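*Asks:* Pasting the relevant annotations from Swiss-Prot:
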type: ACT_SITE; residues: Asp8; note: active site, nucleophile
type: BINDING; residues: Asp8, Asp10, Asp167; note: Mg(2+) binding site
Amino acid sequence: MAPALIFDLDGTLIDSAPAIHKVSNDVLRARGYAPLGLDQIRSFVGQGAPHLVRCLLTTAGEDPEGPLFDAIYADLVSRYETDVEGNTLYPGVITALQRLREMGCPMAITTNKPYKPALAAIAHVGLTDYFQLVIGGDSLPTRKPNPEMVNEARRVLRRPHALYIGDSEIDAQTAQNAGLPFVIYTEGYRKTPLDALPHAAKFHDFSALPGIVEGWTWS
């Protein structure tokens, strides 16, 4: 029986940093703060919208837990849902997902991005029909690296075996916490050297992913 595949979103299936960069700077400019560079914004991505807002506030010289947090968070999430043009697929994603679906792999996305913005980004890049389930950063009481999202995805997908596919330090820890093999996409938002992150397999081109899954040996 083909395994369940549980994917991260940002930095794994889609390059969302340009979209997040634009939305974040729109929020900052609306309040008179200086815009930030793409690399700096990219370094804030992966731990959810609350973390991103705290980073923006800190960089702007404001209290990250202060009275501005709620308003900026609400503005950011609202813009996230409609300003999706900067989200793009990594090369080869659609072809790989088509092959994985043909192999009988049920698939889910677990992301720290809020649920509605995640759905909007997924729809924009044409991924909606490939996934049985999407769990966002505000869908459950916890976010990754807590394994609750992944455990819920496994419950819904109902397969005895599963792989977790992501790109970052958070993803490596999530897979470890969930007790799943971690397959890392090396072209995402990882900051740590690859050899320093525990992983069971790696790929830099999505054309390799179906072969990795098909050849997996389960102990």
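Easy rule for this one: first residue shown is 1, then count along the chain.
Yeah, the Cβs are placed from backbone N, Cα and C, and that goes for glycine too.
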*Asks:* Sorry to bug you, but what's the C-alpha spacing from Asp8 (active site, nucleophile) to Asp167 (Mg(2+) binding site), rounded to the closest Å?
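*Replies:* Given the Cα positions, Asp167 (Mg(2+) binding site) is 8 Å from Asp8 (active site, nucleophile).
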*Asks:* Report the same-chain neighbours of Asp10 (Mg(2+) binding site): residues 6+ apart in sequence with Cβ closer than 8 Å to its Cβ, ordered by sequence.
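*Replies:* Within the chain, Asp10 (Mg(2+) binding site) has Cβ neighbours under 8 Å at Ser16, Ala17, Ile20, Val45, Gly46, Thr111, Asn112, Lys113, Gly188, Tyr189.
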*Asks:* Ten-angstrom check, please: count other Cβ atoms within 10 Å of the Cβ of Asp8 (active site, nucleophile), all chains counted.
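*Replies:* 28, counting other Cβ atoms within 10 Å of Asp8 (active site, nucleophile).
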*Asks:* In the same chain, outside Asp8, Asp10, Asp167, whose C-beta lies within 8 angstroms of the Cβ mean position for the Mg(2+) site?
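*Replies:* The surrounding set, listed in chain order, is Phe7, Leu9, Gly11, Thr12, Leu13, Gly46, Thr111, Gly166, Ser168, Asp171, Tyr185, Gly188, Tyr189.
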*Asks:* Helix, strand or coil at Asp167 (Mg(2+) binding site), per DSSP?
*Replies:* coil
